[in-house]
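Per TrEMBL, the features are:
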TRANSMEM  A:21-40  transmembrane segment
TRANSMEM  A:52-71  transmembrane segment
TRANSMEM  A:92-119  transmembrane segment
TRANSMEM  A:144-166  transmembrane segment
REGION    A:170-192  region 'Disordered'
TRANSMEM  A:201-220  transmembrane segment
TRANSMEM  A:240-259  transmembrane segment
TRANSMEM  A:297-314  transmembrane segment
TRANSMEM  A:326-350  transmembrane segment
TRANSMEM  A:377-396  transmembrane segment
Amino acid sequence: MLALRLARGTHPIVLLRRLMVAAASAGVGFLLLCTLGHALGHPEAAGGSAARLLWCLVPLAAAMQLAVAVARTDPATRPQPGLSSVGLGPVGLALLAAASTAVSAAVGSALALFSFLYLRGDLGGEPFGGSVADVLGAGQPLPYAGVLTLLFVVPALTGAAVAVALRPRKPRPDNAKSPDPQKPVAAAGQPSAAHTTVSTGLPWGVALTAAGIALGTYASRTASSPSDGLLPLPGRLDTIPAGVVGGWVLIAIGLVLACPGLTHLCGRLLASGRPGALRLLAGRVLQEEAVRLGRPLGVLCAVASAALAASQLYGTALDSTGARLFGPLTGVGAAVVMACATATVLTVALETKGARIDTTAALGRIGVSSGLLRKAAALRAGVLVAVLAPMSWAVAELASLPLSR
Amino acid sequence: MEAPPDNDVLWARSLHYAHDGTPALAGVSVGVREGEILAVTGPRASGKTTLLQCLAGQLTPQSGEVWFNSSPVHTMGPLARERLRRDRFGWIDTEPQLVPELTAWENAALPLLLRGSPHRAAKTAAMEWLERLDVGDCARKRPAALLQSQRQRIAIARALASDPSVLFADEPSAPLHRADRAHVLRTLTTAARSHTITVVLATHDEEVAALADRTIALVDGRRVGSLAAAEKEGQAECSLSV
């Protein structure tokens, strides 16, 4: 109830972010229900339905990531003097955030159920002349327990993810805020945790990406190449060699691991030489925010690479078999994943801005103009795009090369 | 409109300011002479910080005038005030508000870099001031790795390195221990006197005020003759209301 009460007084922008969570959850819930519909309509193709269910994990993971990013940015989840003085400490706030995320996701699930029933024609009428209804297993009675279970999955998982992500942790001696301001946080040099992550992440990420590309190439060469389509999403996961899928997973993990290091490198590059105030501010902030910003950026790069590779592979494979490989549900899934990844990056960028609000105010007091800060932000974004976009393209090319031969 | 007196570098008349309706300043007039150290004393919530922010052009008073070197600060646009803050004023916060991503010397050199001075000159000036304030050995560390007193000294170096006309210090010694407090204030006042920098120093500490050339007292957003008289007045009001 408190979550709802707090939601009533929140800023429209915050509500808009929660609405994004609801929309993502609606998309994932709809895909899950569609899987159920497919299973109902095609009881003979159980393997295909299971593969579809597996593919649903990708949008589900993207939605969970978005939910966690939104909950981190939410002003209601930060320690507030007003709530802590009535006894709602960090644990209470984490549970509160989990509850409000679950509420948003449940709204999305309800929306998904409504649109699913509408498209099946259960609410009367035949939308799209009944062409979609066939895919969704129309005419079959719905198992209500199954529907409720599937709809319960997204709110429960996103809520749990938020509760785990925001749980109060014991302050580690090297990166937490020291309780005593008279004492330094780190004995010497840098807050080390962030920098070790960055420095170890990059080689691991590069190695994993390279291994993924190599594995994909090797597996696609040795396995007997299936004649009909290369990666028929979804439902025919069994027609592509498992090694290729494994390679793609490795590439995705590698990109996520490598991106913080790359972001850090971009920042170092920006502030190298004899920088003026603009390059100094832009570069050093990028170096500092590398970990926070790098991971969602890595996810976005992986998604972009996958989208590029898929469009390259299917752009040619579409008409040769006559079958529609890019079905409407694949489109919904891809849209959900891409929208979630983009929204997560934007939300994290907002979070970094919020975390630096004190510094920004202090800079304003010594006469730094807001125009300079905007220029620095634009410079950061520009450098990141200039480095990461060609990298995503190159990875997509390399990953799809063996399959498109 | 009456022109400001010639010997005052900074001059304000009947300033009124309210934070979202909560009155903070109610008709404060003050003149700051060239090269002097002026202490603004008063208990918490007496309007010291608001007065300093109005004088430094961070806030625009809702009524009243602020003049700096015969130019009206209260009618300036935001861009002109930003430039004034950057080029002529220095500011030291209660908490040392450094940029956490930059090293100590980069923090101290930031105002100079913002003015467009060359990298090497800015670094030399910043290092010089860090040495003078006994934090030269921390120049390559980031604020997170330093003690609070070291950070505050870096904030002071940042304010002094750009050679401002007027330096505003809002309770600069409040978060420090007694020994650090005395040292920080001594270095600040010595540097100001040797470089003829005008200083406006807000404090609630009588000892700190003793270092200044002149003291004005604020209570509840008004200037009073002395703190003791104002407190007596407050007590009388209390006893009446019981």
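We count from 1, first residue shown onward.
Every residue, even glycine, has its Cβ placed from backbone N, Cα and C.
From a predicted model like this one, the values you see are computed outputs, not experimental measurements.
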Contact call for the transmembrane segment (A:326-350) against the transmembrane segment (A:240-259), three or more Cβ pairs under 8 Å:
no
Give residue numbers and ranges for long-range contacts of the transmembrane segment (A:201-220): same chain, 6 or more residues beyond its ends, CB-CB under 8 A.
241-244, 246-262, 264-265, 294, 298, 395, 398-399, 401-403
Which range wins on Cβ pairs under 8 Å with the transmembrane segment (A:21-40): A:52-71, A:92-119, A:240-259?
A:92-119
